[in-house]
Amino acid sequence: MVRIYDTDPTVLRSLANTNIKVTVELTNEELPLAAADQNNFALQWVQSNVKAYYPATLINGVTVGNEVFKEASQLNSQLVPAMKNVQAALAKLGMADAVKVTTPIAFDALNPSFPPSAGTFRDDIALSVMSPMVDFLQQTGSYLMVNFYPYLAYLATPGMSIDYLLFRPNNGVLDTGSGQTYFSLFDAQLDAVYYAMEKLPSSSMHVGGMRKLTAGGGTPEVHHGEEGHPNKGHGGVGTPQNAQDFMAGLTHQVLQGNSGTAAANGHRPLTASAVRGTPHRPNADLNVYIFALFNENNKPEDDQDFGLFYPNQQPVYPNPIDFVHGGTSGGPLQPSYCVANAAVGDAALQAALDFACDNRDGNRADCSAIQPGQPCFEPDTKLAHASYAFNDYYQKNGRVKSACDFSGAGTIVNQAPSGACDPSPSWCVANAAVGDTRLQAALDYACGPGAANCTDIQPGARCFDPDTKVAHASFAFNSYYQLRGRATGTCDFAGAGIIVQQAPKIGNCVLPSTA
């Protein structure tokens, strides 16, 4: 399924006979005409933009406007009338069952939104717009579409764990109103919307001033019209690795389910048999449109970097997402390094070295270790210094292919370069004080799909002995930590991991300081 933000004929024709379901948009600019419906505008629009392409193009939804409350609040009062007129047009053309009408709202339509049980729609839209809209969606068998960007709440909430944002193991956040503990911001935000809908009065279903809850939930489903994480910028939270971790966790949750109940150790089991949905709605299905397929280089800078691919079709993430099974594909992450290509000559290496070490924007290499008298100055050659700087830049930028280009002066390799200098090695080991239960939960996460390579701690393998939770978790934590370039937060594991500067030895197994 894909969602587009207009009814571009070229796009709709290209999607014909593909078996891809398509949601199209009646734009904010067209909304007043649809609401007034002078000269049967809604009927003509549906005829020209939906029926003309259906069923060769499997249009299954029409979004009326996009984030109207935020982008065009002067149209608030016209939103539900426009939705009703589009629905009536679909019904007249015999398409009301196949094509559902909804509208995407931004998550900031809620205030407050935390804790989830306190979720409430803003006063300026709750009774006037949201209550009749939810009635309409319920009566037509449609759904409310909400655009979620959890990283915005993370940036606005000092002290929030990045693990809570990125679907990593964490201690959870208690909703004191409901008594439920949430282990992902995704769950918390979705439940906040469900709670907000339940508080709306309804003309058709009213008990004690609130919507009557039934076995089916009593409110329409919530579909995620946009769910994304930046791969660049945004206060440092936007990196290819963070975006990959977010998307892998999101995909795993939608495809396999890991909500509903929490394990006694405070971490949800990542198993296919876990309940789908959320703590408040454990039986709810999860429907998510990922934002977006491509980085959009013609948008304003803050909106460019949300794609799975660059405009040239190269993947953004270090490891591709497995959209069939959840998580990342291709097994555990493979280590990779960026080294200098001697064939380009010293002049080209120096130019690339100058670029890599120009760290005024904070996103390039830290070249202090290759200055005279520093631990990685020797050997004093362009090749050695460039290899150090290129690799630091490459690891810092999420090991994306473009971060090891340097106009042909860089080359990606999968073996740690011989004699590579590490001025400050570190390792991630298990914190025995948290106990075996929490260590096991974190170990399961570290060895999960697309995470660490844990084959060496299986029975009979070289690091199986000693067969203890601390030893196995130390191996897995360190593998995870090194594979992610020792990035900040990758040795947390909800307090189960500790960074050390002395090389640890677990039985006969020496933990490496590189991936």
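Backbone N, Cα and C define each Cβ position, glycine as well.
Just so you know, TrEMBL annotations never went through curation; they're auto-generated.
Here TrEMBL flags 215-240 as region 'Disordered'.
The DSSP breakdown of the compositional bias 'Basic and acidic residues' (221-230), given as helix, strand and coil counts, is 0 helix, 7 strand, 3 coil. For 221-230, the entry in TrEMBL reads compositional bias 'Basic and acidic residues'.
The domain 'X8' annotation in TrEMBL covers 336-423 (among others).
Sequence annotations record features per position, and here TrEMBL assigns domain 'X8' to 426-511 (among others). According to DSSP, the secondary structure content of the domain 'X8' (426-511) in residues is 35 helix, 12 strand, 39 coil.
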Overall pLDDT of the domain 'X8' (426-511), taken as the mean: 86
The domain 'X8' (336-423), counted residue by residue under DSSP: helix, strand, coil: 40 helix, 8 strand, 40 coil
